[in-house]
Structure formats: structure tokens, C-alpha cells
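Annotated features, as they stand in Swiss-Prot:
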type	residues	note
BINDING	THR30, LEU31, GLY32, PRO33, LYS51, ASP87, GLY88, THR89, THR90, THR91, GLY415, ASP495	ATP binding site
Amino acid sequence: MAAKEVVFGNDARVRMLAGVNILANAVKVTLGPKGRNVVLDKSFGSPLITKDGVSVAKEIELEDKFENMGAQMVKEVASKANDAAGDGTTTATVLAQAIVVEGLKAVAAGMNPMDLKRGIDKAVIAAVAELKALSQPCADSKAIAQVATISANSDESIGEIIATAMEKVGKEGVITVEEGQALENELDVVEGMQFDRGYLSPYFINKPETGSVELDHPFVLLVDKKISNIRELLPILEGLAKTGKPLLIVAEDVEGEALATLVVNNMRGIVKVAAVKAPGFGDRRKAMLQDVAILTGGTVIAEEIGLELEKATLEDLGTAKRVVITKDNTTIIDGNGEQTQIAARVSQIKQQVEESTSDYDKEKLQERMAKLAGGVAVIKVGAATEVEMKEKKARVEDALHATRAAVEEGVVPGGGVALVRVASKIADVEVLNEDQKHGVVIALRAMEAPLRQIATNAGEEASVVANTVKNGSGNYGYNAGNDTYGDMLEMGILDPTKVTRCALQFAASIAGLMITTEAMVAEIPQNASQDMGGMGGMGGMGGMM
């Protein structure tokens with residue numbers, strides 16, 4: 001086991017604080033509408049330019065082990081805020097730094113670290129309750145656009161495109177962000193349920209100009225097995241021929257004689273039919289077939305539940321308004337399933353998302369939920385260069401997370417105003433002693449830090465701006481974008497309540513632990529040339545390093 005270096009008391013805290021300040025100072029320059037960019041060196045490819053706090057934090061590793069511990073703990077604040085709310089990483093870092101700086105001053109002055117931490121915790125609990133009281137629901141498209149615009153560093157085009165996407169696919173819909181090919185941002189919306197399986201034979205194509213299959217008002221047959229014998233399909237096909245309606249077959253596979261017969265019948269115009277493989281594999285395929293069944297009002301024909309394909313009737317089939325099949329995708333539009341059953345299925349999947357511990361499973365479940373609930377929107381980010389593309393894509397992703405958080409828990413006045421107003425209401429939190437009272441004061445001072453940093457980044461005097469805002473009331477605050485004061489809600493400067501809440505809670509949690517640190521332990525770095533010198537008869541090899 002390698003030898004360790006141990007530092008105690010004030011020496012430990014000073015070195016830890018140095019690391020906190022290095023990381024926080026690099027991150028906080030990005031805060032607010034006039035925040036600056038940070039350039040990150042990459043081992044391959046061009047440097048990355050970003051205004052995303054967590055991206056900056058993740059890049060920072062310090063040479064001094066003890067300083068690095070401080071930096072890593074603040075990095076944890078940014079990462080936690082990013083995981084929970086998807087945004088607010090810079091705010092969380094600024095809050096954490098403010099609490100640590102003031103807290104360590106108090107510890108150096110002889111106050112009890114544990115009481116300081118308890119005071120900070122009490123203030124944060126009271127602040128979270130006040131934030132919830134201050135919060136307003138984010139219901140309309142205009143508010144959604146405003147939240148997205150603020151999170152995307154005042155880029156209105158991003159705000160508008162996210163609001164449009166949310167309007168089209170609903171709150172449960174999936175919105176993904178991709179790198180586009182054009183100079184402008186583009187929005188593609190896939191309505192209905194789409195899965196990544198194309199037609200099993202090009203002979204099903206009935207729209208040669210687009211190379212696709214289009215079926216109007218088709219029946220949908222769902223089978224959880226391979227179909228190779230045409231005899232199994234005959235009862236369904238005979239019943240179908242009488243109705244004159246087309247048929248979509250979704251099965252594990254359709255092959256051999258069965259596929260050949262379907263192709264021949266389709267080409268002769270006897271029965272209009274198309275077959276595709278079922279999406280997914282294993283248990284996920286069963287679940288997705290059931291999703292399609294509920295969406296179309298049909299039944300999955302599966303032998304394990306006692307249903308045989310030969311005995312299936314038209315009543316077991318689902319129906320839809322339209323189906324479009326390309327060589328890669330199948331889209332079912334306006335399935336005729338019962339809305340109550342679809343809603344029940346969506347809430348069931350939502351429950352599974354909450355219980356799942358795997359990020360991959362969560363993502364797949366959310367995709368299924370979106371396909372049932374509304375659809376999928378793809379925002380294609382456009383830019384002139386790859387460097388700009390990456391920076392813009394990160395901002396779009398942040399804005400998207402912030403918007404979801406706003407829909408979930410509502411919005412509060414932005415620009416750091418919400419925390420200033422909350423701080424003024426919780427000054428008289430009950431405490432047991434003077435040290436705890438000072439802990440509350442530390443938290444209240446820290447709550448001004450985001451507003452002060454926004455003002456500093458805008459080139460203004462932070463104390464003047466903070467006092468002007470504190471002397472106001474309600475939603476009155478400072479708009480750094482155009483250097484004016486006024487009602488933040490009327491000016492459209494909104495922050496998601498969840499983002500502000502998570503930033504405060506995570507910052508206080510980790511900063512409180514740092515204040516109570518009394519000793520730090522780290523490995524003593526070993527000299528590489530000394531390591532080589534220990535090899536018998538090869539002492540001279542040290543110079544080769």
C-alpha cells in the first residue's frame with residue numbers, strides 16, 4: 001500500500017478551498033445572458049467551446065491532490081444538479097462556492113462546524129418550502145418558450161423551436177436533439193407510433209415514387225411468433241378479402257411459403273397486404289407488440305396465452321387510420337384503440353420508468369411512452385462549423401431539460417431574483433444557538449451569489465445591483481440582457497422551480513460537508529525514476545525515462 005500524506009485543520013481547509021475556487025471561478029464566468037465562453041482542449045479533434053457549467057467542471061483535474069479533492073466535490077454539485085434537473089449547474093456551483101467560502105471563514109473564527117452545517121440545512125429546508133410557494137405553473141406555449149430561451153443563453157430561436165416541439169408531441173412526448181446538416185435549426189415531428197422495422201419484401205411497395213408502402217384504414221394483425229406456413233393465415237385472409245380492406249402483419253418473422261404467397265396475392269390485387277418484423281427483442285418485443293395492440297385496439301396472437309393464429313378472426317385485429325412503411329421504419333398513424341386503455345398503459349410505463357435503475361431501460365421505456373402518448377420530435381441543430389454545432393447542441397439540450405423541469409414543478413422569477421426573495425422571508429428560522437444562527441446567515445448570503453455573479457458577468461457593480469433588487473419586492477429584478485430593472489415575469493425571465501431547488505439543495509449538501517472537514521488524506525506521489533532504480537542490475541535505466 002502506498003504511503004499517504006495527511007493534512008489537518010486549517011491547512012486542509014485552505015488547500016481544499018483553493019481547489020473549490022479554481023473550479024468555481026472557471027465555471028461561474030458562464031452564468032447569465034452576458035456570461036462568457038470557456039474553451040476546453042480535447043486530445044483529438046478541435047477544442048470545445050461551451051457555456052455549459054457541468055461541461056467545464058468535468059474537464060477540471062488539479063495536480064495538487066488536496067486542491068483536487070475540493071474541486072472534485074464541487075464538480076459533484078454540478079453533476080448532481082445536471083442529473084436531477086438537467087440544468088442549473090453553474091448556479092449550483094456558484095451557491096456551493098459562496099457557502100464554502102463564508103463557512104470556512106466562520107470555522108477559522110472559531111465557530112462550531114457542525115452547528116454551522118445545521119444552520120445551513122435549516123435555512124435550505126425553509127427556502128425550498130418558500131420556493132414552492134413562490135412557484136407558478138408553466139402551462140402555455142409562451143412560458144415554455146421563455147424558459148427555453150433563458151436556459152439557451154437568450155437564444156430566442158431555440159426557445160421557439162422547443163416550444164413548438166412540446167406543443168406537437170405533448171408533455172410525455174420524446175424530443176431528441178441531433179446534429180443537423182443545414183445552417184438553421186430544423187424540427188422533424190413523427191406523429192403516431194413509429195418503430196425501426198421496414199417491409200419484409202420490396203414487392204409490397206405500392207408507392208414507387210417514394211419507395212414506400214401506404215395502407216389506408218388497414219387491419220393490423222399482431223403475432224408473437226414466426227409465420228412460415230400460409231395455412232395459418234388463410235382464415236384471416238379469406239375474411240379480409242370480403243371486406244376489401246388492406247392488412248398489416250406485425251410478427252416475429254414472416255418467411256418461406258407464407259411470405260411468397262402474401263407477395264403473390266398482393267401483386268395480383270387479391271388482398272392488399274404488407275408484413276414487417278416486430279420491433280425489439282425478447283421481453284421488450286412482447287411489451288412493444290402489446291403497445292401496438294392497445295394503440296390499434298387489437299389482440300396479440302400468442303400461443304403462450306392460448307391464442308392460435310389459425311383460430312384468429314377479424315375481431316382480434318386492430319385498426320388504424322393509416323400505415324406508412326419504408327425500408328427502415330413503420331409508422332402507425334391514428335390507431336383506433338380506446339383512449340382509456342392507452343392512458344392506463346402510459347401510466348403503467350411511467351411507473352416502470354420510476355422503478356427502473358438502468359438508464360438504458362429508462363430511455364427505452366420513455367420512448368415507448370412517447371410513442372403511445374403523442375409522438376417523437378427531432379430537433380436538428382444547424383451551425384456553420386463543427387465547433388459552433390457542439391456548443392449550440394449543448395445549449396439546446398440544456399434548454400430542453402429546463403423546459404421539462406418547468407412543466408414538472410412550475411417556474412419562479414429568473415435572474416437570481418427567486419432566491420433573493422426567498423432569503424428575505426426566512427431570516428427568522430428557529431435555531432438553537434448563535435453558531436446555527438450564523439449558519440442561516442451564511443445560507444442567506446449565498447442565495448444572493450447567483451444574482452451578484454450575473455451582474456458581474458454583465459459588467460455591472462454586483463453590490464449596487466443586489467441592493468437595488470433587495471429594495472424591490474415581488475418579481476422585481478435585474479435584466480442583465482438589456483441592463484434594465486423590472487418585473488421578471490413580464491419580461492419573460494423565468495427559471496424552472498426544480499432547477500433552482502436542486503441547485504440550492506445539492507450546493508448546501510456538499511458545501512456543508514466540506515465545512516465540517518478536519519483532515520484530508522491523499523497518496524504521496526512517487527517519483528518515476530526512483531521506481532525504476534529498484535530493478536537489480538538496471539539502476540542506470542532511470543535516465544531513460
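Here the Cβ of each residue, glycine as well, is placed from N, Cα and C on the backbone.
Worth saying up front: this structure is predicted, and the values here are computed from it rather than measured.
Shown here: features listed in Swiss-Prot, placed on the structure.
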residue : record           : Cβ within 10 Å
THR30   : ATP binding site : 22
GLY32   : ATP binding site : 28
LYS51   : ATP binding site : 21
GLY88   : ATP binding site : 32
THR90   : ATP binding site : 28
GLY415  : ATP binding site : 26
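GLY88 (ATP binding site) falls within neither a helix nor a strand when secondary structure is assigned with DSSP, and so counts as coil. Of the residues the record lists as binding ATP, namely THR30, LEU31, GLY32, PRO33, LYS51, ASP87, GLY88, THR89, THR90, THR91, GLY415, ASP495, the two whose Cα atoms sit farthest apart are 17 Å from each other.
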